[in-house]
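S.K.: Okay, here's the structure, questions in a sec.
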């Protein structure tokens with residue numbers, strides 16, 4: 001490539017023997033993407049059409065599954081293009097946009113889980129006040145903030161990166177994430193500090209809030225009757241499983257980015273694929289099997 005081309009486009013260098021396994025990659029990932037879209041969309045559709053599922057808890061679940069669909073759609077179509085292309089390249093502006101969506105949707109996941117934790121807390125610990133507190137307006141505000149707050153946080157570093165000079169044009173990955181900052185000629189201390197602030201606001205603080213909320217729920221339900229404990233377990237356990245799974249994968253992603261040079265290329269690819277495979281498939285399985293009302297409607301739909 002000439003210098004003018006390199007100044008605008010990046011090479012994605014995270015694939016292993018793509019020329020040999022391109023059709024295997026394509027068919028496998030295409031099947032996974034279709035499964036992700038169908039499984040998540042099915043539950044969203046069921047929540048949409050059934051009146052008894054038009055409650056805050058199920059609305060938050062639908063939002064979480066929609067977030068998984070958007071998360072996957074941000075990554076998979078570009079993978080399909082790369083699998084069938086002779087060169088795996090992406091424009092720097094498109095790379096920044098993918099990175100923006102990737103981290104915005106990651107942050108939205110944690111904030112949606114925090115909203116769900118608050119909903120469960122009010123439902124179980126303050127049942128008489130639940131209709132007053134969790135009104136449609138409150139749910140709408142929570143949903144709006146869950147997507148808006150991370151997007152606003154991520155906008156600044158992405159905007160600054162757009163005007164930053166690059167000295168390297170090879171990205172060691174299969175999609176755009178924080179690895180793009182390693183392409184900059186000069187690393188910015190200000191961006192690093194701001195990155196920590198973003199991590200705290202959209203990841204660490206929501207996780208602390210969720211843990212605190214569920215701790216209070218379990219303390220209160222432990223002192224209550226068996227029926228209350230059963231209700232708490234049925235509604236809270238799926239949320240906790242999703243939180244643990246997603247937190248693990250986010251930690252995994254950070255590890256991949258920070259230690260990319262310490263991993264063999266094949267190991268790095270496998271780790272990256274796990275980040276984008278497990279979570280979008282895990283959510284509908286957990287909510288489809290563990291949430292009683294949703295499970296009933298799924299059985300009626302398919303059996």
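Numbers run from 1 along the shown chain.
Cβ atoms are placed via backbone N, Cα and C, with glycine included.
Unlike curated entries, TrEMBL annotations are predicted automatically.
Annotation comment: TrEMBL describes 39-287 as domain 'G-protein coupled receptors family 1 profile'. Feature annotation from TrEMBL assigns transmembrane segment to 23-49, 56-77, 89-118, 139-160, 191-215, 236-255, 267-289.
Surface or core, plus neighbours and distances: that's what I need for these features.
M.R.: In the predicted structure, the domain 'G-protein coupled receptors family 1 profile' (39-287) carries a mean pLDDT of 88.
Through the fold, the transmembrane segment (23-49) approaches residues 15, 58-59, 61-62, 65-66, 68-69, 72, 76, 79-80, 83-84, 277, 280-281, 283-285, 287-288, 294, 297-298, 301 of its own chain, all at least 6 residues removed from its boundaries and within a Cβ separation under 8 Å.
Sequence-distant contacts of the transmembrane segment (89-118) (same chain, six or more residues past either end, CB-CB distance under 8 Å): 8-12, 57, 60-61, 63-64, 67, 70-71, 74-75, 78, 142-143, 145-147, 149-151, 153-155, 158, 161-162, 166, 171, 175-178, 180, 198, 202-203, 206-207, 209-210, 213-214, 239, 242-243, 246, 250.
Same-chain residues lying 6+ beyond the ends of the transmembrane segment (236-255) with a Cβ under 8 Å from its Cβ atoms: 64, 106, 109-110, 113, 116-117, 120, 124, 177, 203, 207, 210, 214, 217-218, 271, 274-275, 278-279, 282-283, 286-287, 290-291.
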